[in-house]
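What Swiss-Prot records for G46, E47, S48, R105, I134, R135 is L-glutamine binding site. Residues annotated as active site, nucleophile in Swiss-Prot, with sequence analysis given as evidence: C78. Under the heading active site, charge relay system, Swiss-Prot lists H170, E172.
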Amino acid sequence: MRIGVLSFQGGVIEHIHHIESLKAIPVEIKNKYELNNIDGIILPGGESTTMGKLLMDTDMLEPLREKILKGLPTWGTCAGMILLANSIENSNKSYLKVIDIKVRRNAYGSQIDSFYYETLIPDISSSKIPLVFIRAPFITYLGSNVKSLCSIKGNVVAARYKNILVTSFHPELTDDLSFHKYFLSTCR
């Protein structure tokens, strides 16, 4: 199984290590041609405005959007979630628009407000999962067909719609492989 990781910035290496530890083949994605021959793609954290601009500058935005809409399993973490969202609060800019959610950027504050949390997410694991939030967004609107997987303090921080998984937090920054296992199971 070949799993693409959008490789502009963010936790690229950490996602690659988790993919390798699950015996899948990671593929760094830096242009639209590398979107071929992958079984799924991860859009990591980073800075969503920069990543969105790079998707446009490399002519990847529309080809990636088309592949996702045709069923390519896709997971967006933090900034990746923002890129996938239909809309972003207090912004007239959105990017891939493939999941019916509205997100609030930096919803938990600045870098200094980053935090760690553990919780049970039954769809993902039977054990508590460590969650790392860094300048994290959360979902402020969830479309009727989008399933909430996890909420913290009343805010949705993980959701799924068909082939698309989104998380506000960074599973790649922990040793826990639960979310990566779950995502890979959708790529088969």
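All residue numbers here begin at 1 and follow the chain in the order shown.
Keep in mind that glycine also has a Cβ here, set from the backbone N, Cα and C atoms.
Location within the structure of each feature annotated in Swiss-Prot.
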{"residue": "G46", "record": "L-glutamine binding site", "DSSP class": "coil"}
{"residue": "C78", "record": "active site, nucleophile", "DSSP class": "coil"}
{"residue": "R105", "record": "L-glutamine binding site", "DSSP class": "coil"}
{"residue": "I134", "record": "L-glutamine binding site", "DSSP class": "coil"}
{"residue": "H170", "record": "active site, charge relay system", "DSSP class": "coil"}
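Within 8 A of the CB centroid of the L-glutamine site residues G46, E47, S48, R105, I134, R135, the other residues of that chain are G45, C78, A79, I82, N106, P137. The active-site residues close to R105 (L-glutamine binding site), defined as a CA atom within 10 A of its CA, are C78 out of C78, H170, E172. Its own atom aside, the Cβ of E172 (active site, charge relay system) has 27 Cβ atoms within 10 angstroms in the protein chains shown. Of all the active-site residues given, namely C78, H170, E172, those whose Cα is no farther than the 10 Å limit from the Cα of E47 (L-glutamine binding site) are C78. Listed in sequence order, G10, P44, G45, G46, I134, R135, A136, P137, T167, S168, F169, H170 are the same-chain residues six or more apart from C78 (active site, nucleophile) with CB atoms under 8 A from its CB. E172 (active site, charge relay system) sits 17 Å from S48 (L-glutamine binding site), counting Cα to Cα. The C-beta environment of S48 (L-glutamine binding site), restricted to residues of the same chain at least 6 apart in sequence and closer than 8 Å, consists of A79, I82, L83, I88, Y95, R105. Here the recorded positions are R105, R135, H170, and the one ringed by the most other CB atoms within 10 angstroms is H170.
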